[in-house]
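Here's the structure, in structure tokens; my notes come after.
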Amino acid sequence: MSASQDSRSRDNGPDGMEPEGVIESNWNEIVDSFDDMNLSESLLRGIYAYGFEKPSAIQQRAILPCIKGYDVIAQAQSGTGKTATFAISILQQIELDLKATQALVLAPTRELAQQIQKVVMALGDYMGASCHACIGGTNVRAEVQKLQMEAPHIIVGTPGRVFDMLNRRYLSPKYIKMFVLDEADEMLSRGFKDQIYDIFQKLNSNTQVVLLSATMPSDVLEVTKKFMRDPIRILVKKEELTLEGIRQFYINVEREEWKLDTLCDLYETLTITQAVIFINTRRKVDWLTEKMHARDFTASAMHGDMDQKERDVIMREFRSGSSRVLITTDLLARGIDVQQVSLVINYDLPTNRENYIHRIGRGGRFGRKGVAINMVTEEDKRTLRDIETFYNTSIEEMPLNVADLI
């Protein structure tokens, strides 16, 4: 059933998700049931089997224009169902009888690409759709064989490997009709902008373009003008972007060298189901992990210097719960859905304030409550105030009873 945009409903999504911030949109159709989206029966079965009951606010607004073929810029908080928004749209549009790649999804990290692939496969479970993760760090020959022998309906990948496969003509753009950029702010930042543009040049001029992300600074919106045609905009106001359901605190540590003792004190105070500790450099991740192990605290480490197999093992252990604390760089801050994470510790405040929401979004996804604790030295106080202003939020000093909140 559709309603006008003016009603600006704040319905709960799957699993009692907290209401999302009001979405600003130039699209006036809100469809509050998957049954009313004219989706195929087999796709609907996959959606309900996956555990969705009702579309989240972003899904109510963005799925329909995506299916209708419009270029779409969709913005919503982490954990509100952005991945399923484009996965459902792709699965509805592909022709299963056509054994050719028809949709291309790009993600900034290998882990996120693999997670998107899993969501697509799960939602399309009853359709027989094929989806392949085309990522760096894996065997090129096996990749080429897969693309040539099978031509999967959907490719999810990282920019470097995808461009390589397109450039060497192992991946054909001939039938690609939908191009999705997930975590678009990261993808279009300095590191990936040129690669994205090169990939886009190889696609058909009438290819539909969909961008999704939690943050979309104005310079990114400028870049989208280069390769999007009158896009539908579905945006959350900036001041409503910080996550509801996440309690945010800071600990005053004055000096950098006191952070380690403070972290160990926290460990002893809290019963942690699962936690992610964010640090700004790879070298410091290794340093902190060693220091924690020396003090008999268990923790796993993950960063971009590790090879893909090692990263896969660490993520598997963390997802299964056999490892409870993960120390990482911003590599993990982009959309990795680890359901049990109740606590995020920013050992270092992010150097880019827009990464803050990606980091603390690890706790409280789909309405699960979470706590974020920021370790703040004298030098960090200005950065903390800057984050508070940017997100129009309040980060309070950590109370003594923090253990009761996790």
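A Cβ is built for glycine as well, from the same backbone N, Cα and C atoms used for every other residue.
Going by Swiss-Prot, these are the annotated features:
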BINDING   ALA76, GLN77, SER78, GLY79, THR80, GLY81, LYS82, THR83  ATP binding site
CROSSLNK  LYS146  SUMO2 cross-link
CROSSLNK  LYS225  SUMO2 cross-link
CROSSLNK  LYS238  SUMO2 cross-link
CROSSLNK  LYS309  SUMO2 cross-link
CROSSLNK  LYS369  SUMO2 cross-link
CROSSLNK  LYS381  SUMO2 cross-link
DOMAIN    63-234  domain 'Helicase ATP-binding'
DOMAIN    245-406  domain 'Helicase C-terminal'
MOD_RES   SER2  N-acetylserine
MOD_RES   SER4  phosphoserine
MOD_RES   LYS118  N6-acetyllysine
MOD_RES   THR158  phosphothreonine
MOD_RES   LYS174  N6-acetyllysine
MOD_RES   LYS193  N6-acetyllysine
MOD_RES   LYS238  N6-acetyllysine
REGION    1-21  region 'Disordered'
MOTIF     32-60  motif 'Q motif'
MOTIF     182-185  motif 'DEAD box'
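Swiss-Prot feature annotations superimposed on the structure.
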residue	record	DSSP (3 states)
GLY81	ATP binding site	coil
LYS118	N6-acetyllysine	helix
LYS146	SUMO2 cross-link	helix
THR158	phosphothreonine	coil
LYS174	N6-acetyllysine	coil
LYS193	N6-acetyllysine	helix
LYS225	SUMO2 cross-link	helix
LYS309	SUMO2 cross-link	helix
*asked:* If I take the Cα of LYS146 (SUMO2 cross-link) as reference, which of the recorded sites LYS225, LYS309, LYS381 has the closest Cα?
replied: LYS309
*Count up the helix, strand and coil residues in the motif 'DEAD box' (182-185) according to DSSP, in that order.*
2 helix, 1 strand, 1 coil
*Nearest to LYS381 (SUMO2 cross-link) by Cα, among LYS82, LYS174, LYS309 (recorded positions)?*
LYS82
_Per DSSP, three-state class assigned to LYS381 (SUMO2 cross-link)_ = helix
_Going by Cα-Cα distance, which of the binding-site residues (GLY81, LYS82, THR83) sits nearest to LYS309 (SUMO2 cross-link)?_
THR83
_When you rank LYS118, THR158, LYS193, LYS225 by Cα distance to LYS82 (ATP binding site), which of the recorded positions ends up on top as the closest?_
LYS118
*Ten-angstrom check, please: count other Cβ atoms within 10 Å of the Cβ of the residue listed as 'phosphothreonine', all chains counted.*
24
_For each of LYS118, LYS146, LYS174, LYS193, count the other CB atoms within 10 A of its CB; which of these recorded positions has the top count?_
LYS146
*Specify the count of other C-beta atoms within 10 Å of the C-beta of THR83 (ATP binding site).*
22
*Inter-residue C-alpha distance, THR158 (phosphothreonine) and LYS193 (N6-acetyllysine) (nearest angstrom)*: 13
*Fewest-neighbour residue among recorded sites, criterion Cβ within 10 Å, set LYS309, LYS381*: LYS309
_Can you tell me which of the recorded positions LYS118, LYS193, LYS225 is spatially closest to GLY81 (ATP binding site)? Compare CA atoms only._
LYS118
